[in-house]
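Asks: The following feature annotations were taken from Swiss-Prot:
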BINDING   GLY114, THR115, HIS116, GLY117, LYS118, THR119, THR120  ATP binding site
Amino acid sequence: MRLPREIGPIHFVGIGGIGMSGIAEVLCNLGYTVQGSDASESANVNRLREKGIAISVGHKADNIAGADVLVVSTAIKRDNPELLAARAQRIPVVRRAEMLAELMRLKSCIAIAGTHGKTTTTSMVAALLDAGDVDPTVINGGIINAYGTNARLGAGDWMVVEADESDGTFLKLPADVAVVTNVDPEHLDHFKTFDAVQDAFRIFVENVPFYGFAVMCIDHPVVQALVGKIEDRRIITYGENPQADARLLDLKPSGAGSTFKVAFRDRKAGTAHEITDLMLPMPGPHNALNAVAAIAVAHELGLSDDTIRKALAAFGGVRRRFTKTGEWNGVTIIDDYGHHPVEIAAVLKAARQSTSAKVIAVVQPHRFTRLQSLFEEFCTCFNDADTVIVADVYPAGEAPIAGIDRDHFVLGLRAHGHREVIPLQDSASLAGVVAGVARSGDYVVCLGAGNITQWAYALPGELKALG
């Protein structure tokens with residue numbers, strides 16, 4: 001039995017969230033009656049309203065009137081008035097991943113998982129399949145620039161989704177193709193131990209049916225170890241590793257992107273094949289690896305080399321993934337979602353490859369618990385930045401932790417050998433600080449998952465206002 005057409009209205013609590021908004025949009029495009037609520041106005045809320053979805057700002061019991069089902073994310077607390085009202089009225093309550101799983105049952109599905117790179121890789125897979133006239137349905141964790149949204153309903157038989165592992169519910173997703181980009185210690189508030197994180201990714205791959213396949217990056221030692229533990233499933237490995245089934249070769253920086261080729265070796269057939277002259281308009285080895293994952297999926301699904309080559313060269317990127325927000329006196333301002341040490345190091349390496357001048361990092365640490373648990377890693381991931389400007393921790397709903405704050409982080413960076421670390425008093429001070437250190441040719445990279453994105457977009461204008 002599949003999701004019946006007559007069900008509805010479907011009420012989303014926290015509909016403006018990036019994951020929730022994509023599911024709501026696809027359901028609406030399928031013809032279901034969708035409504036919802038969110039704590040505040042946002043671009044996602046406005047976009048969904050334009051599609052005719054009724055959205056209330058603020059959470060109250062009256063909002064769920066007439067709803068047949070309630071969809072909630074893990075961010076919704078158990079004492080949320082809409083959730084309490086639904087349970088009192090015995091209205092079914094489903095988690096976001098469960099509703100996504102229902103949508104996935106309507107198509108053949110590709111699910112992209114990993115601690116980092118999920119959103120970009122999902123977007124790349126979607127772009128390649130689009131170019132191959134597959135016309136996929138897409139539900140992503142970020143705004144795809146080519147679509148202007150994070151979701152679209154396609155007429156084809158395939159669906160491409162970002163599989164969020166943060167609460168373990170990605171194990172509910174019925175994927176025919178699973179991609180694992182990397183596995184690092186993250187979301188330990190849910191998993192408790194890194195061993196539990198690795199077990200979850202192993203189960204994610206083993207859940208793929210016998211007629212499907214997994215694409216896994218063996219450049220990452222934890223993923224390579226997982227490959228060795230998975231039995232009875234077809235796995236295509238990728239990376240620069242000489243043992244990879246899809247091997248990244250001849251990677252070179254080229255302007256604001258990179259060029260490379262991919263060599264395929266089929267273990268069963270004993271054949272080899274190369275896709276040459278590939279160009280990706282995004283900098284950084286990490287993005288080239290994401291592209292190889294997408295290419296491996298597209299190649300396995302039968303897309304031609306020429307289609308892959310053209311689609312990759314035309315890839316428009318994802319919002320908040322090395323996004324240029326403007327310039328000032330020859331200084332380039334970049335906004336990036338990177339908030340984990342591995343992501344930050346990769347983004348700064350990409351920035352270093354993009355300019356021969358200075359790289360200035362502006363970081364807003366995201367969550368006290370993350371800064372605490374990965375403090376050593378945070379103190380050593382800014383090596384490619386000439387200057388680090390440190391803002392206050394963005395709490396994301398967490399209570400402060402004694403000794404885990406901006407000033408402690410600044411001291412940690414200095415103690416680990418960083419030459420220039422500047423504490424930022426507040427966002428209003430940012431333009432003045434940047435103007436004091438940035439010169440023509442420099443890159444200013446704003447990093448974080450909090451409201452620093454607003455600073456990044458405001459910064460070019462604020463710098464110009466200084467004269």
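Yeah, the Cβs are placed from backbone N, Cα and C, and that goes for glycine too.
Remember, predicted model here, so these are calculated numbers, not experimental data.
Quick one: how deep are these features, and who are their neighbours?
Replies: For the recorded site, THR115 (ATP binding site), the DSSP three-state label reads coil. The Cβ of THR115 (ATP binding site) lies under 8 Å from the Cβ of GLU165, THR181, ASN182, VAL183, ASP184, GLU186, HIS340, VAL342, each of which sits 6+ residues away along the same chain.
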Asks: Other residues with Cβ within 8 Å of the Cβ centroid of GLY114, THR115, HIS116, GLY117, LYS118, THR119, THR120 at the ATP site?
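Replies: The answer, listed by sequence position, is ILE112, THR121, THR181, ASN182, ASN290.
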Asks: Count, for each of the binding-site residues HIS116, LYS118, the other C-beta atoms lying within 10 angstroms of its own C-beta, and report the residue with the smallest count.
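Replies: Among the binding-site residues HIS116, LYS118, the sparsest Cβ neighbourhood within 10 Å belongs to HIS116.
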Asks: Can you check which residue among the binding-site residues THR119, THR120 has the largest number of Cβ atoms within 10 Å of its own?
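Replies: The largest 10 Å Cβ neighbour count belongs to THR120.
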